[in-house]
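Peer 1: According to TrEMBL, the protein carries these features:
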{"type": "COMPBIAS", "residues": "9-21", "note": "compositional bias 'Basic and acidic residues'"}
{"type": "REGION", "residues": "1-24", "note": "region 'Disordered'"}
{"type": "REGION", "residues": "331-407", "note": "region 'SAW'"}
{"type": "MOTIF", "residues": "145-149", "note": "motif 'VHIID'"}
{"type": "MOTIF", "residues": "246-250", "note": "motif 'LXXLL motif'"}
Amino acid sequence: MLSSSSISHHQEQNQDQEVHFPPDLFPPPPSPSIYFRQLLLSCAHSISHSDFTAAKRITTSLSANSSPYGDSSERLIHSFTKALNLRLNPPPNLAINSNPTNDLILQSSYLSLNQITPFIRFTQLTANQAILEAIDHDRDQTNDIHILDFDIMHGVQWPPLMQAIADRDPPPSLRITATGTNLDTLRRTGDRLSKFAHSLGLRFRFFPLLLPHSTNNQTVDDVISHLSAVVLLPNEILAVNCVLYLHRLLTDREKLCLLLKKIKSMNPKVVTLAENEANHNHPLFISRFEEAVNYYTAVFESLEATLPPNSRERMAVEQVWFGKEIEDIVTNEGDDRKERHERLLSWEMMMRIAGFRHVPLSPFALSQAKLLLRLHYPSEGYNLQVVNDSFFLGWQNQPLFSVSSWH
C-alpha cells in the first residue's frame, strides 16, 4: 500500500516527465468562413489551370454551404459562387452581357446604395465641394457655371450643389451637360433637376448627351466623338465630373489617355475623379479574383455592421448592385469586362500624362466628409484617410473609394 507521501512523490515525478507539445503543432481548425473562403480561392485556382472538373466539384460544395440570407461571409461566398457557376456554365448560345439586369431593379438598387451606404454620398459630397471651391476661387459676377457630368444616372449628386449655388449673391446660372445611354432616364433626370432649380429661383439649363449603348462596353472612341457636341461658352466656368465612370473605358488605356487629353483641351477649371480603390483590372484571372474577394469582403462586412439582419435594401444592394460587379469581374474576360477598377496611383499617372496637375482637397471638404459619417453612418469601422491630398474612404484597414481633384 502506497502512503500519501509516496503517491504525491510519484505524481510529481510524472508531472516532471509530462510531454509538452509546441502550441502550434495542433492548431485549431479554421472557422467555417475561412474554410469556405479558401475553397473559393481553390476553385479560382482550378479554373486558372483549366481543371474545370475540380472547379465544378468545389462550386457544388460552396453552393450547398452559402446563402444570400446568412451572415456577411455566407452572403459573400454566395455571390462569388454564383459568379463562378456562370463562368463554368455560361448560358448556351447567349453572351452573358446580352442578358443585363432589369433596368428598373438596377436603378432601384442604386438609389438604395446611395441611401444606406456612405460610398456614393462620400464621393459626390467631396466632388461637389471641390467644384464649389474651384468656382469660387476666381469667379467674377459675370461668370456662369457649366458642369459636364459623365454618366449622371439619376442626378442625385446635384441638388446640394444647386442649393449652394442658389445661395450665392448674386447667383450665377448653371448649365449641366449630362451623358448617359438611356434617353428616357436622361430626360427624367433633367426634368427633376429643372423643377428643383425652379423652386430655388436658379437659372438652369440641362442638356442630355446620349452615348451609344451596346451589349459590350462603350468604346473610348464613342465618347471622344460625342464630346464634339458639347457646347462651350466663353462666359462659363467649366467643371468636369467623373464619379465612378472612367474605369469602364480602360479596355484601351492609350485611348483613355487621349480622352483625358481631349477633356484637358476643353480647359476645365476642375476635374473631379472618384473611383473604387481596387485593382480589378489585372489580366490574370486569379489575381483579379483574389483582389475582388478581399475588396468585397470589406464591403459586405460594412453593410452588415450598418444595417439590420433582415434589411431588404441591403439584400438588394448586395445581390443586384455589388452582385453585378462581382459577376462582371469573375465571369467575363477580354473586352467583355466592364468593371475595370484601378487604384488611385494608376489614375494619377494617367491624369499627369494628359497634362493635369493635382489640386489638394481642402480641410473643409474633409470636415464635411467626417460629418457625413458621424451623422449618418456612425459605425466605428468606417475610416477616412488623406493621402497625397486625396481622400480615401475605407472599412477597417481596407480602402474602398478614393476622390481626387485636378486642374
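From the backbone N, Cα and C atoms, a Cβ is placed for every residue, glycine too.
Remember, TrEMBL labels are computer predictions, not curated facts.
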Peer 1: Give the residue counts of the motif 'VHIID' (145-149) per reduced DSSP state, in the order helix, strand, coil.
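Peer 2: DSSP composition of the motif 'VHIID' (145-149): 0 helix, 5 strand, 0 coil.
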Peer 1: Restricting to the motif 'VHIID' (145-149), what is the model's mean pLDDT?
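Peer 2: Per the prediction, mean pLDDT sits at 98 for the motif 'VHIID' (145-149).
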Peer 1: Give me the DSSP three-state residue breakdown of the motif 'LXXLL motif' (246-250), ordered helix, strand, coil.
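Peer 2: Within the motif 'LXXLL motif' (246-250) the tally stands at 4 helix, 0 strand, 1 coil.
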